[in-house]
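The feature D-glyceraldehyde 3-phosphate binding site is assigned by Swiss-Prot to 53. Residues annotated as active site, proton donor in Swiss-Prot: 95. Annotation source Swiss-Prot lists Zn(2+) 1 binding site at 96, 212, 252. According to Swiss-Prot, the feature Zn(2+) 2 binding site maps to 131, 161. The dihydroxyacetone phosphate binding site annotation in Swiss-Prot covers 213, 253, 254, 255, 274, 275, 276, 277 and rests on similarity to another entry.
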């Protein structure tokens, strides 16, 4: 299918929330990882989200360019072409963008999509993330208001983060402590600043103990009840029934989470879960195995010439793609979106 239109993307998220499932958002950095993600979605019979971080986008532009916008556009255009050959919907998103990179990443990408929409087309991306977790909440939400207006004009959904996700991603490290839980006051301020969709649709990455990186199951102290509290605060603020779920939540830092915690988060309105660390390992593991198994073929040892068919990058990248695709299928199963593509 062609990349999801704004209307299809909104329907994807709406169905997920209504039926208590979520979509994996797979961080990609190359054509190989994009191929792996889309194949995984298709194998699972699920729609899905592909996203590029600032570092991933820069990597995607190559060592000679090293430009985030160039890489994001190139990877997005590639995804548009490949996704059209598959029978599921794929949406494009950009991951964490801090304040110091807004002018060199999200704002230029918003401008590109706005230009496309002004000519009667669809945006290049379906959503962008503004990560204001490093600045005071009032400044975070003031910037979010400005970006939400620009995003809505370009038919794009904005993702924001309130609270801090622990661990490390793209070289940005955050401590793991009691600050990793979004407060009721911050949920209320979010509703006051951004509303409940009337100023533009947004996704909320609230923090409930999330940690980026690699952790053994059980070592991440998640409190999904924080999300339930957030929904209750928002419902009360908006005068809605107590069981209403005004927020569309995003689950960051899911590696090492227990399945029971994921299940609970889904009940409280999570519609998108970021997956990066686990798919990175799934991609790299068969490459490592290939190198160990064929070390005397991939290396020119003791004056020998090696074996071309095993140092041909295709020989191990195919294995990497297949392994990562399998991990994407697992993510779809864990989030209960498998078999639920809107195309079915």
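Glycine residues also receive a Cβ, built from the backbone N, Cα and C atoms like all the rest.
Feature map: annotations from Swiss-Prot on the structure.
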residue	record	contacts (Cβ under 8 Å, 6+ apart)
95	active site, proton donor	25, 27, 51, 52, 53, 54, 56, 129, 274
131	Zn(2+) 2 binding site	96, 97, 98, 160, 161, 205
275	dihydroxyacetone phosphate binding site	24, 25, 26, 27, 254, 327, 328, 331
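Here the Cα atom of residue 277 (dihydroxyacetone phosphate binding site) is found 11 Å from that of residue 252 (Zn(2+) 1 binding site). There are 29 other Cβ atoms within 10 Å of the Cβ belonging to residue 252 (Zn(2+) 1 binding site).
Counting every protein chain shown, 19 other Cβ atoms lie within 10 Å of the Cβ of residue 277 (dihydroxyacetone phosphate binding site).
In three-state terms derived from DSSP, residue 253 (dihydroxyacetone phosphate binding site) belongs to neither a helical nor a strand segment and is classed as coil. DSSP assigns residue 131 (Zn(2+) 2 binding site) to coil, not to a helix or a strand. The secondary structure of residue 275 (dihydroxyacetone phosphate binding site), as reduced to three states from DSSP, is extended strand. Between the C-alpha atoms of residue 252 (Zn(2+) 1 binding site) and residue 276 (dihydroxyacetone phosphate binding site), the distance comes to 10 Å. Within the set of binding-site residues (53, 274), the lowest number of other Cβ atoms found within 10 Å of a Cβ is recorded at 53. The 10 Å shell around the Cβ of residue 253 (dihydroxyacetone phosphate binding site) contains 27 further Cβ atoms across the protein chains shown.
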